[in-house]
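All remarks here apply to the structure that follows.
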Amino acid sequence: MASVAELKEKHAAATASVNSLRERLRQKRERLLDTDGEASPPPPSARELKRVARYSKTQGRAAVSFNSTDLVCCRTLQGHSGKVGADELTLISLPQFWRSILRTGDRQVISMGRLPFQVLSWLVVYSLDWTPEKNWIVSASQDGRLIVWNALTSQKTHAIKLHCPWVMTCAFAPNGQSVACGGLDSACSIFNLNSQPDRDGNMPVSRILTGHKGYVSSCQYVPDQETRLITSSGDQTCALWDVTTGQRISIFGGEFPSGHTADVLSVSINSSNSNMFVSGSCDATVRLWDIRIASRAVRTYHGHEGDINSVKFFPDGQRFGTGSDDGTCRLFDMRTGHQLQVYSREQDRNDTELSTVTSIAFSISGRLLFAGYSNGDCYVWDTLLAEVVLNLGNLQNSHDGRISCLGLSSDGSALCTGSWDKNLKIWAFSGHRKIV
């Protein structure tokens, strides 16, 4: 019978073998998938990290702390009758003083406390989006409806019945007059919110964009262009559409060797240069695309060890963040390809499986990174220090299920999160009048 020492030695040898194999697979994957022909980029320089800090600091300065008595439940509203992409949607409403914090940041650690909130009870919420100008939110639910909410009054302004209940994504047009949604029907449907409902009270579809051969996982309008929309799909491609004609303008990936090799789950368009967008995939890579050159990805970014569920551009347009099934968020430099920062949470001993990152968003200054997790946590990260500022999951009346989606309002004054606990929560700060 083997001794304890022998067993430990065998275990160590097996672990080393597994790690070696994992590293070899990673290197092989990089050689196969890298489109720019370059070697893996060296670690980021201090100068690159300083650029991130400089951007946040030029937006202003703030160092704020909150105590544990500043969270109050305002009210509960009823909405969806089925799962809403993410069972619960949470809206964190922030006053003017907090807006300045989200727009600013300095090298001090920002600390946050509890937040007052409202709760809207739905079923699973799969996706949400804010209007660029108005305080409206559109959400997609398992009950087969899109609901448009007034975030200030918590009232529903539209309830759109869909022909396909399995909707995975929704997005507002830049003017806030139209919404797009897509899902397992492999199509993207466009609804004009000014259209008159039919005899049954249903809103007619303005346009259906067809062409994908797999589910539509994500959609986003090109900033300041009401007629251009980008989608990602389970067919391993992204597509650029003309919403007016319903025609597909370009396909990104597919038969091209530089494209993704697995389902594409998320896209993010650069607000500083709308010709550029990034896509995250189940092949554990992010691709940078130029809509003017669809035949080849500009660059491929490596680092994750699992599906990339969410990608989001940093406010300055020079960097972007990612969230993955490997449980981490990462910050990349778009130009150099350097991985600037890794945001990795400590695994709870009671967790039986790894909590994956489902959705991310940056504050306006870029100083804060909001990340939703499959275990119901929602972390607020300091992007510079890679430290957790706050976990909304530890607050009273927090989500009881998976966070499926989240997003910030265009002015940075509110954060909305969706979850599988069938509630829409609105959180608001109280007790602070000091402008920071």
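For all residues, glycine too, the Cβ spot is worked out from N, Cα and C.
Unlike curated records, TrEMBL annotations are generated automatically.
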Q: Out of 1-50, 51-100, 251-300, let me know the one TrEMBL marks region 'Disordered'.
A: 1-50
Q: Report, as numbers and ranges, every residue of the chain located at least six residues beyond the repeat 'WD' (257-299) whose Cβ falls under 8 Å of a Cβ in that stretch; write 'none' if there are none.
A: 29, 33, 35-36, 214, 217-220, 222-225, 230-238, 240, 250-251, 305-313, 315-318, 320, 322, 324, 326, 332, 334, 337
Q | For the repeat 'WD' (209-251), the number of residues DSSP places in helix, strand and coil | A | 0 helix, 25 strand, 18 coil
Q | Same-chain residues near the repeat 'WD' (209-251), Cβ under 8 Å, at least 6 residues beyond its ends | A | 132, 168-175, 177-178, 180-190, 259-269, 271, 274, 277, 279, 281, 289, 291, 294
